[in-house]
Amino acid sequence: MKFFIQSFLLHKEQTDCIIVGVFKSCKLTISANNLDKHSNGYISELVNKGDIDGEIGRTLLLYNVPNITSKRILLVGCGKKNDFTFLAITKIMKNSMKILNKISIKHIIFSLTELDTYNNIYWFIRQTISAIKKQVFKINIFLKKDIYLNSISFNIIDKKLFLLAEIALKHSLAIDLGVTSAKKLSNLPPNICNPLYLSLQATKLSKKYKDNISVTSIDINQMKNLGMNAYLAVGNGSKNKPYMSIIKYTGKNTINTKVIVLIGKGLTFDSGGISIKPSKNMHEMKYDMCGAASVYGTLVAAAELNLPLNIIGVLAGCENMPGGNSFRPGDVLNTMSGKTVEVLNTDAEGRLVLCDVLSYVERFSPNIVIDIATLTGACVTALGHYVTGLFSNNEDLVKNLEKASQQTNDKIWRLPLFKEYEQDIYSNVADFSNVGKNGAGAITAACFLSQFTKKYNWAHLDIAGTAWESGRNKGSTGRPVELLCQFLLNISNCTKY
Ligand code: BES
Ligand code: MN
Ligand code: ZN
């Protein structure tokens, strides 16, 4: 699907459909009003008769409107004037796409741009394309239907806004490629997407983006030499051996040469191991690599956006299986940091893999480390499916992540890492135990990780509730790729919006 930024004489355009809006007050938007005048009040008459009100998501498709060259006009409800939100755009685009996905509709002119949210054309375009792309992905993948629509032109009335609109379009397409790459990778079944497969996908990035990206893959022998015994223990029960991919993105014209590290939990399947999970919904544990997929997608977008930053993405690929070689409850593991861990539950494997990766990345002297992990069921209990859990040891990092979250509507909420929680991961045979007692499972897991992140500014995103959707239309959401991309865009100063 192609997108264009243009300026139109609406009533004279030859196109399959023009989208314009009507408010709750029954007032027409500027573009709708313009078309109404040319059609001698045809549109306002329908509105006055009550054929459509301005309720968000309402639609009315009009054919052969007098004096209008376009084959159709789609009138959409836009809610209250000056109260145009993210949710509104999503709903409007969802309903419009359903109506417009007909074989004979190939090109549309989208002329709601004058409603721009926060009076900001940049965000209006970003949000609209994001909403359209989500809908397109759903139709393609879940409904297994083709999208007939092949081009959308945004009608920008004020020519001064062209440049900003073009930048927004460029950013949207780059970020969408990242989101879509992450979704596709995490939707793969676990018999295909195993740790080796994950590392091969990472390697492919160095071919596609050879000027900016180089990839190295760390196998079990190298992990043994590095002393990554916690990570190795988790992978021991599976015949699919662990691989850790290091994706190094080197931007051009970097002002700040300090490195940002993104670490993704990449359990291509988490059966729980010897502490095996109940069989109901166990299939969903193929999504336990969504953190790694989101890091992969974010690096795709970073390369597409040509960000002037140095980023290292780590995909911590591993499979947690029961077997004769599995690690067991009761084992004591010597982590790469030198600290020891008593395993009380082999299903709390994510933190074991991550703690060694968190130690490993110290060698890059990073300024910022963010890990992204489907870490705990407890985070789903605490925050549900709309909001990602955030934990951090640095206030500035929290502020920047929260800002990016608000801009993209990729929601996060901070949970505390008070010192008190450390007693909950106490062990009398090792430095820590791998499960917390006394509840707060998302926090005790993060608290465990925080024991390995003292050397840098760190944030942990628990995406257990947000990385995928269950049920009939099950599938990865691609979260939090938009959040991470926006965070990177903001710190690279590409956007001043
Ligand atoms: N990958 C799971 C967390 C998870 C569970 C994510 C359900 C999404 C939905 C993780 O490895 C896990 O099993 N965590 C355990 C930890 C517990 C044993 C301390 C959990 O949350 O139950
Ligand atoms: Mn687990
Ligand atoms: Zn897991």
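Numbering starts at 1 and runs along the chain as it is shown here.
Using N, Cα and C of the backbone, Cβ positions are placed for all residues, glycine too.
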Determine which of Glu342, Glu349, Glu362 appears in TrEMBL for the same Mn(2+) 2 site as Lys265, Asp270, Asp288.
Glu349
DSSP output for Asp270 (Mn(2+) 2 binding site) maps to strand
Counting across all protein chains shown, how many other Cβ atoms sit within 10 Å of the Cβ of Asp288 (Mn(2+) 2 binding site)?
28
How do the residues of the domain 'Cytosol aminopeptidase' (345-352) split into helix, strand and coil according to DSSP?
3 helix, 0 strand, 5 coil
Nearest to Lys265 (Mn(2+) 2 binding site) by Cα, among Lys277, Asp347, Arg351 (recorded positions)?
Arg351
Check the recorded positions Lys265, Asp270, Lys277, Asp288, Asp347, Arg351 for any whose Cβ is under 6 angstroms from an atom of ligand 1, and report them in sequence order.
Asp270, Asp288, Asp347
Might you list, by sequence position, any residue in that chain lying six or more from Arg351 (active site) with a Cβ less than 8 Å away from its Cβ?
Leu375, Asn434, Ala445, Phe448, Leu449
